[in-house]
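Features reported for this protein in Swiss-Prot:
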{"type": "DISULFID", "residues": "Cys13-Cys118", "note": "disulfide bond"}
{"type": "MOD_RES", "residues": "Thr114", "note": "phosphothreonine"}
{"type": "MOTIF", "residues": "84-100", "note": "motif 'Involved in PIP2 interaction'"}
Amino acid sequence: MSWQAYVDDHLMCDIEGHEGHRLTAAAIVGQDGSVWAQSATFPQFKPEEMNGIMTDFNEPGHLAPTGLHLGGTKYMVIQGEAGAVIRGKKGSGGITIKKTGQALVFGIYEEPVTPGQCNMVVERLGDYLLEQGL
């Protein structure tokens with residue numbers, strides 16, 4: 001399966017039990033900042049934004065004072081899982097980032113999608129990739 005198929009079929013799909021509800025944007029990005037696959041709506045990010053995200057995975061709490069920035073959008077960092085998941089909130093939407101062995105799985109959402117639904121979609125794929133050694 002191509003990386004693009006993972007994004008299209010497992011991240012940008014309808015949320016279980018909520019037909020028509022899906023993430024706003026999603027991507028799989030290598031830990032070096034190279035985009036493996038992304039939705040058409042995923043924001044163009046700056047290298048320093050990706051560096052900040054990787055630093056937060058290695059030094060949990062790094063982004064808390066400044067916020068998480070992606071594509072020029074600032075998210076308030078909320079409870080995640082140190083070294084494994086970063087979650088951010090902005091208004092009625094937010095972001096979930098799951099770290100795997102080699103990549104980062106991104107999901108961005110707006111209402112009516114809930115934070116929990118975004119977490120479920122992103123973390124399920126991230127856990128699967130981890131199980132596959134990726």
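Glycine is no exception: its Cβ is also placed from the backbone N, Cα and C atoms.
Since we're looking at a predicted model, the values are computed, not measured.
For the disulfide-bonded residues Cys13, Cys118, the largest tally of other C-beta atoms within 10 A is found at Cys118. Taken as a whole, the motif 'Involved in PIP2 interaction' (84-100) shows an average pLDDT of 98 in this prediction.
Taking the Cβ of the residue listed as 'phosphothreonine' as centre and 10 Å as the limit, one finds 15 other Cβ atoms among all the protein chains shown. For the pair formed by Cys13 (disulfide bond) and the residue listed as 'phosphothreonine', distance between Cα atoms is given as 15 Å, rounded to the nearest Å.
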